[in-house]
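According to TrEMBL, the region 'Disordered' annotation covers 1-39. Marked as compositional bias 'Polar residues' by TrEMBL: 14-30. What TrEMBL lists as domain 'Casparian strip membrane protein' is 58-206. Sequence annotations record features per position, and here TrEMBL assigns transmembrane segment to 60-82, 108-131, 143-170, 196-218.
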Amino acid sequence: MMEPSKEVDAPAATSLQPQSKRTRSNNGKGKSTAEDAQPLAPVVSTKATPLQRGGWKKGVAILDFILRLGAIGAAFGAAILMGNNEQVLPFFTQFFQFHAQWDDFPMFRFFVVANAAVAGFLILSLPFSIVCIVRPLAAGPRLLLLIIDTVMMAFVIAAASAAAAVVYLAHNGSQDANWMAVCQQFTDFCQVTSEAVVVSFVAAVFLSFLVFVSSLALKRGG
């Protein structure tokens, strides 16, 4: 009597196997669906956007404009100081009058012309500086300013150095060349000349900062 019961139980066991397979497959699908439903982590970019670079370069362009105004003032100031410099001593002889004027020295004439020309070129460069403020990512005007500022800086340094050499000889003289120091008599003339040379070197410092600022603004990927 026990054998028929074994035959009945066998089909029942076989019928359970497909259900367990379907259950496993359904569980697997549920896991994959749950994994697909997980939110993705946001991707953060470390690259600077054009707006950020433009804002940074706009600040540099504003600094360039301010430095350019300072260089104009210094160059014009040096030219005006030297161009109005003269002194007449209160004593004179029958044949000589002791008079010192800036255009008596070729180096001082070069000094006045150079500083006035540099100031004029810097004034003409102001519109390009304004363009760099409005369009900070434009490389063309910035490159033009860099070239102009470099040439003007060399021009001012040459003029100021030549005038400084004459001022040094006027203050100290030269025993080898038998040149006597004249600043003991022409004190006011030498003082104004020294001030003009110092102001011209200040203009050269402004121009060197302008060259640095223009080079910084042209740097890519800022």
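Glycine is treated like the rest: Cβ placed from N, Cα and C.
Per-class residue totals from DSSP over the domain 'Casparian strip membrane protein' (58-206), listed helix then strand then coil: 111 helix, 14 strand, 24 coil.
Within the chain carrying the transmembrane segment (108-131), a Cβ under 8 angstroms from the stretch's Cβ atoms is held by residues 61, 64-65, 68, 71-72, 75-76, 78-79, 82-83, 85, 102, 138, 141, 144-145, 148-149, 152, 155-156, 158-160, 162-163, 166, 193, 196-197, 200, 203, 207, all 6 or more beyond its ends.
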